[in-house]
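Chemist: Please read through the structure below; I'll follow up with questions.
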């Protein structure tokens, strides 16, 4: 008994001594990466994979020797999907934790709540949320990794045009995602000389959209249907669409680009198209696609570490972290101004979401082509272009 | 024109039948205790979610349905025993607030047990829709209507032909007098909660293939069911059925002919109108104050 205690104490001492030596070897303070994410609450499907991704890659980078010879330290808070707590946590990250850069903000609401603080404190901030307002107009210290809903609309409408479609019916959810998507679609359609001949909506809790779809079907001249929405609504629309026997080409938005949508919609989803991250089809990407390796690696590493399916949202965090690391390496320091300038000049960074080319006018750096158009064939995603 | 109208009508009747079943659950408990049970929607959720998870575990569909309904029944009894009964001397308003608390509690547990995703349930019979004069009808809608009708007839028989049913009716009419003739009113109350939980869970199961199911599906469907019960006149069985069907049909017609944006507005102005001109609802009992 006594012996084991001694032996354990000896082991502890050895471990402590070893870690002390390691610490003295890296005398420099760690680089602090701050994050506030919606890890629990209604937006946990965003924040949960994002946090897992950040934790896992900070660990990995540290094992490989860190950045600029310094270790990374991740400081994160859970904003529960609440914009006002996001603001509080952003302020804590800046004032008391004094982080070098912030990578976070799962939702547009949380991001926009933190933006004024970040701008005032002059800390580089890479957001993981979707809406176009985050980087348009450009804010000096704010960047973001996901594509905007406008790009999704551009990509879908371009694909329609390729198929000779100029008049289509739109059905969208009345939630934030759907209504923003609707506005962007109407604007893009006008620019591209296309016509939205039917414009229907449904609310997030609706359980049957047959009436709206019947209206679209009875509109003369409609050649295709686009559904912009999020959650279970689009799956119900898809099912109703099949029940009504509608045969027009059918499009969904990137809001439902996940395997769980396929599960909900079942065989009704056959033949529909949507814009999505290449992460859904890592193996069908052509070999000369620069993203192929990055996408495959991320998927393999994430699934091996967490034993759960990789998600597009986690990839936004991956790109955010890697952009931050690259900017610090290029700046050669963690000086906020230098890192910000380096971020703004990042060119040709190949991420999971797309290839980023930042500029002073574009703090997102992606183009619509970073979305791949996928079609559902035999219950699986198939890469179209 | 006809095809269009029929399409809206089918949609409306299907969803309306669900509202009616939920409204019936509200009515039952209201009759027995004058409590509006806001946990009614949760029974619906329990029915759907338990069936889905049991079938996912490999239990045959029919057995899963039976088990889910039993589970909901037990939950109904537990709700009455552990939440309502201990507060027996409290105001009706207090009891209503207790049911709201209970519904949040049940939803929280469901979220932990089943997660937050939406789940699919297969149609009971074919996936092939049925075509009627150019309009299409989901085969599951027939199940919803058929089972709804059976339940309504069953309830009527239960209340008019069985002693227990009559005891519930008697308690709802006059609690004191019922107790005097030897009816155990606490028991009756528990029965009312159980029967309404059974109704709710059956509604949740038959409608799940159409609406999908998730831990929070009970909130909005429960609310709509309450609206239907209020339109029909709280406490009236016929009122619950008529209220549910008309709410469903008005919603579908509004979405089809006016605009989907105004669908809920039309449905809710309907209650305002009904309650404005008939404060006790369409079939509400006339209350005569005895001096």
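Each residue, glycine too, has its Cβ placed from N, Cα and C.
Relevant sequence annotations retrieved from TrEMBL are reproduced here:
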| type | residues | note |
| --- | --- | --- |
| TRANSMEM | B:6-28 | transmembrane segment |
| TRANSMEM | B:61-80 | transmembrane segment |
| TRANSMEM | B:92-114 | transmembrane segment |
| TRANSMEM | B:142-164 | transmembrane segment |
| TRANSMEM | B:185-206 | transmembrane segment |
| TRANSMEM | B:265-283 | transmembrane segment |
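Help me picture these features in the structure, burial and contacts included.
Modeler: For the transmembrane segment (B:92-114), same-chain residues at least 6 beyond its ends with a Cβ under 8 Å from one of its own Cβ atoms are 33-39, 41-42, 45-46, 49, 53, 75, 79, 83-84, 215-216, 218-219, 222.
Counting same-chain residues at least six beyond the ends of the transmembrane segment (B:142-164), those with a Cβ under 8 angstroms from any Cβ of the stretch are 13-14, 17-18, 20-21, 24, 124-125, 130, 191, 195, 199, 202-203, 206-207, 210, 237, 241.
For the transmembrane segment (B:265-283), the list of distant contacts is 224, 227, 230-234, 236, 238-239, 242-243, 246-247, 250-251, 254, 258: same-chain residues at least six beyond its ends, Cβ to Cβ under 8 Å.
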